[in-house]
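Here the structure is laid out as structure tokens; the discussion comes afterwards.
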Amino acid sequence: MTGKKRSASSSRWLQEHFSDKYVQQAQKKGLRSRAWFKLDEIQQSDKLFKPGMTVVDLGAAPGGWSQYVVTQIGGKGRIIACDLLPMDPIVGVDFLQGDFRDELVMKALLERVGDSKVQVVMSDMAPNMSGTPAVDIPRAMYLVELALEMCRDVLAPGGSFVVKVFQGEGFDEYLREIRSLFTKVKVRKPDSSRARSREVYIVATGRK
């Protein structure tokens, strides 16, 4: 892509971003990101979070999802969050900065969870996008497979999993894998998710 084309594309993205009603609402409310609204929509339909729960947040930065969940689980709840990027502190959130794909980071995350099981694992992870689906989709699928492995390790029976997935090669197989592990599985496309985006959210409840 030439610099001129890239500049035009970036300008269009910025224009779309700042005219987005959810971006504007997030700024007015002092929220960390528009992702807050996506999780709010999912919570309204699926009732994943309750006071006192322990929740794992993968791909947490800048903190929109953790910021939302804190309001749902209260002071007795706990969030263990992880991201490659830094994240400003949130009261009630135990944040680990590191690459989730790294075995040592995964080990450190499991140590923070401890022996007790968690009630919800949520993943908003995504790779750095190149714009080429043949490259981006496999990278994204690798991350969501790791998130599902995390569920196998730490999620309590009856627990829930919400994960951002990009539709493309491997999506149907991944959905089948989740259906084998949970009693109820829904695919959600929140209104606050941009229409042109390939992203959807798989909401799985009732860990078998």
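Using the three backbone atoms N, Cα and C, a Cβ is placed for every residue, glycine included.
What you are looking at is a predicted structure, and each value in this text was computed from that prediction instead of being measured.
Taken from Swiss-Prot, the feature active site, proton acceptor covers LYS164, and the record attributes it to sequence analysis. The Cβ neighbour count for LYS164 (active site, proton acceptor), using a 10 Å radius and every protein chain shown, is 24. DSSP classifies LYS164 (active site, proton acceptor) as strand under the three-state reduction.
Taking a C-beta cut-off of under 8 Å and a sequence gap of six or more, ASP83 (S-adenosyl-L-methionine binding site) has these contacts in its own chain: LEU58, GLY59, ALA60, ALA61, PHE95, GLN97, PHE100. What Swiss-Prot records for GLY63, TRP65, ASP83, ASP99, ASP124 is S-adenosyl-L-methionine binding site, and it gives sequence analysis as the kind of evidence.
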Including all protein chains shown, what's the count of other C-beta atoms within 10 A of the C-beta of TRP65 (S-adenosyl-L-methionine binding site)?
29
Closest of the binding-site residues to LYS164 (active site, proton acceptor), Cα to Cα, picking from GLY63, TRP65, ASP99, ASP124?
ASP124
Counting only other Cβ atoms and using a 10 Å cut-off, which of the binding-site residues ASP99, ASP124 scores lowest?
ASP99
Can you tell me how many other Cβ atoms are located within 10 Å of the Cβ belonging to GLY63 (S-adenosyl-L-methionine binding site)?
24
